[in-house]
């Protein structure tokens with residue numbers, strides 16, 4: 001009976017250790033507007049707003065709100081290529097400047113298109129673009145409402 005109790009205690013302890021070893025911790029880093037102390041150094045970089053592929057990708061995504069989702073394979077291939085290059089452009093921006101660069105791009109898109117509903121949809125995509133590109137910091141950028 002004592003051996004049975006010991007074996008049962010060992011099995012219980014092993015199950016407890018196994019269960020705690022399989023915990024998953026998900027960390028999300030969000031950069032808020034004005035939160036980064038180093039954003040002052042981003043002014044030059046964000047004023048440039050030279051993220052040509054990101055702009056092209058956003059324009060191609062904009063087309064999905066206007067057209068049917070049934071687009072040609074060639075158009076989808078071009079869209080993917082712009083997305084991939086957009087991620088590369090975003091990686092080239094200093095990590096603490098990425099959100100400001102995305103906000104700058106959103107301001108340009110707003111001047112170009114200005115449609116409230118469409119811009120809100122684009123803004124949601126831009127908020128999560130760092131995560132979509134597989135970046136560890138920031139994983140998302142808070143965007144101020146474009147239309148209030």
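Just so you know, glycine gets a Cβ as well, placed from its N, Cα and C.
Sequence annotations record features per position, and here Swiss-Prot assigns signal peptide to 1-19. Residues or ranges marked as region 'Involved in IgE-binding' by Swiss-Prot on the basis of experimental evidence: 24-94. The region 'Immunodominant epitope' annotation in Swiss-Prot covers 46-55, 48-57, 76-86. The disulfide bond feature in Swiss-Prot is assigned to 87-133, 99-141; the stated evidence is similarity to another entry.
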Spatial separation of residue 141 (disulfide bond) from residue 133 (disulfide bond) - C-alpha basis, Å: 13
Coarse DSSP state, helix versus strand versus coil, of residue 133 (disulfide bond): coil
Number of helical, extended and coil residues in the region 'Immunodominant epitope' (48-57), per DSSP: 7 helix, 0 strand, 3 coil
Disulfide-bonded residues compared (99, 141) - the one with the fewest other Cβ atoms within 10 Å: 141
Residue counts (helix, strand, coil, in that order) that DSSP gives for the region 'Immunodominant epitope' (76-86): 11 helix, 0 strand, 0 coil
Mean of pLDDT values spanning the region 'Immunodominant epitope' (46-55): 78
Non-local residues, at least 6 beyond the ends, that sit with Cβ under 8 Å of the region 'Immunodominant epitope' (48-57): 79, 82-83, 85-86, 88-90, 93, 101-102, 104-105, 107-109, 129
For residue 141 (disulfide bond): DSSP state (helix, strand, coil): strand
Distance [Cα-Cα, Å, rounded] between residue 99 (disulfide bond) and residue 87 (disulfide bond): 13
Residue pair residue 141 (disulfide bond), residue 87 (disulfide bond) - Cα distance, angstrom, rounded: 15
Residue 133 (disulfide bond) CB neighbourhood, other CB atoms within 10 A: 18
